[in-house]
Amino acid sequence: LAEFTLVGSSNHDFYDVSLVDGYNLPLDITPSTTDSGNSSGTTNCRRIGCDSDLRDICPKELAVQAGGHVVACKSACDAFNTSQYCCTGEHANPNSCQPSQYSVVFKKACPTAYSYAYDDRSSTFTCTSFSTDYTITFCPGKASAAAPP
């Protein structure tokens, strides 16, 4: 899932790739420019996404099958519907909602993607509004991961 807030706070675009609600295909977001993105000078306007095919490493209990093949990977929240995995109820805050064993596996495969609800620090990116266009690539090849367009 690609998420965008365009022309947000301080004229910045906010964007991320999320695995929080599950996964069915690799996805990249490539900004047309790279810039400081925020007043602190931290560079975080860059290509992000998930080049890995998580269907290959999807745990059996999260796998969605069709025709004998894994076609998607459910989130732990969808599979188990508990407050721990859904970050709801007593787990509706960053202190008690922690990465699960599932999100840790997905984060390792896709380090710039959201892997659980409070994965903000390593998974939200910003670019200067009005000066950046975005290319969304579905099913990017491994060459794309090594050398962005």
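Residue positions begin at 1 at the first shown residue.
In case you wondered, yes, glycine gets a Cβ from its N, Cα and C as well.
Automated prediction, rather than curation, is the source of TrEMBL annotations.
The disulfide bond annotation in TrEMBL covers Cys45-Cys127, Cys50-Cys110, Cys58-Cys73, Cys77-Cys86, Cys87-Cys97.
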Winner by Cβ contact number (other Cβ atoms within 10 Å) across the disulfide-bonded residues Cys50, Cys77, Cys86, Cys87: Cys50
Candidates Cys45, Cys73, Cys77, Cys87 (disulfide-bonded residues) - the one closest to Cys110 (disulfide bond) by CA: Cys73
Rounded Cα separation (Å) that holds between Cys97 (disulfide bond) and Cys86 (disulfide bond): 8
Per DSSP, three-state class assigned to Cys73 (disulfide bond): strand
Cβ neighbours of Cys73 (disulfide bond) where a neighbour is any other Cβ within 10 Å: 23
Listed disulfide-bonded residues among Cys45, Cys50, Cys58, Cys87, Cys127 whose Cα sits within 10 Å of Cys77 (disulfide bond): Cys87
Candidates Cys50, Cys86, Cys127 (disulfide-bonded residues) - the one closest to Cys58 (disulfide bond) by CA: Cys50
Three-state secondary structure, which DSSP defines for Cys50 (disulfide bond): strand
Other C-beta atoms that fall within 10 angstroms of the C-beta of Cys97 (disulfide bond): 20
Alpha-carbon distance [Cys73 (disulfide bond); Cys50 (disulfide bond)] in Å: 14
Rounded to the nearest Å - Cα separation of Cys127 (disulfide bond) and Cys87 (disulfide bond): 28
Minimum Cα separation from Cys73 (disulfide bond), reported as the residue among disulfide-bonded residues Cys45, Cys86, Cys87 that achieves it: Cys86
